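Below is one structure; the comments refer to it alone.
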Amino acid sequence: MEQLLQQIATYKQEIEKLANDGTEALEAYRIKFLGTKGIVKNLFTEMKNVAADKRKEFGLVLNDFKQLAESKYETWKQTLESNSSAAAASTIDVTLPGDPLPLGTRHPINLFLNHVISIFQRLGFSVAEGPEIEDDWHNFTALNLPEHHPARDMQDTFYIQQKPDVLLRTHTSNTQIRAMEQNPLPIRIICPGRVYRNETVSARSHCFFHQIEGLYIDENVSFADLKQTLYFFVQEMYGKDIKVRFRPSYFPFTEPSAEMDIQCQICGGEGCAVCKRTGWLEILGCGMVHPKVLENCKIDSNKYTGFAFGMGIERPALLKYGINDIRLFSENDVRFLRQFTSAI
Ligand code: 2NL
């Protein structure tokens, strides 16, 4: 027994001196002390050689030693593990693929506008943008809509209460007025943008929506130029075989004025609910710029003429994408928005 106790004391010293070296040293330690043929196991088999009256005392010492050997193993192992995770955290593996960045999609209104713009750009039109908060002159008066003109009532306008001269534009014509006031002639511009009307929001109409207007001012611009330009546009937009018609109309800012229809895209001209059984869909309004509008922008109406046109975006976009509620365009629901790709 004395001999065994002496041995245990030596082993204890040996264990206490051990540094927590690498995994190989740890495994060697485990085999030596805790393995199936290890020191702890051997000491337990020595138990039978101890005198019966000393066995209990020896058992206590041995158990104590076993616990020491085991806890040394656990702390050693934990030290190695925490060292290796710290090492991993401080090492950046540049060969790993990066975290994916969420990528958005273009808004369907934006896709539609860009497509219209690209067609007119090929004809030499450039894009002009203007303010959505506008004064009375650029939105109404310069467009031959004097103060008490009934057309102003037709367009239910959002006025700024404290400043009745300031309003949310009801069309993008304001941008064309500004272009005529500021730019040298000739002018050939296309004006996309958001406009506002004080209307009840429903599946069919909204209090804000998008328009694209065009303007071409030069010497000798004729109604024939207007017709051919717009005819080219719808052929590019809806295909070479598209059938169109021009109907006379009225706008205060153009004279003469017309509206352009295309053959209904849904029924092919047979007549359906979408075209109200007419076989035709109205897609834009147009006309020769009224001489008064030219003079309001200090352009000599005896020397220069021009044509203008305007179209809404939401209605044809609803048709194109087969959507039945205009409000989806402004709700920012990504489940809706994700369905549109850059291909129009
Ligand atoms: C429609 C009709 C139109 C214009 C817009 C315009 C602009 C200037 C001068 C003359 Cl600065 N005209 N724009 C002309 C005719 C029709 O829009 O139904 N839009 C949705």
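Positions of Cβ are set from backbone N, Cα and C atoms, glycine also.
Feature annotation from TrEMBL assigns domain 'Aminoacyl-transfer RNA synthetases class-II family profile' to 119-339. Across the domain 'Aminoacyl-transfer RNA synthetases class-II family profile' (119-339), the prediction's mean pLDDT works out to 94.
Marked as Mg(2+) binding site by TrEMBL: GLU255. Following the DSSP three-state reduction, the secondary structure of GLU255 (Mg(2+) binding site) is strand.
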Check your understanding: When a 10 Å sphere is centred on the Cβ of GLU255 (Mg(2+) binding site), how many other Cβ atoms does it contain?
Key -> 15
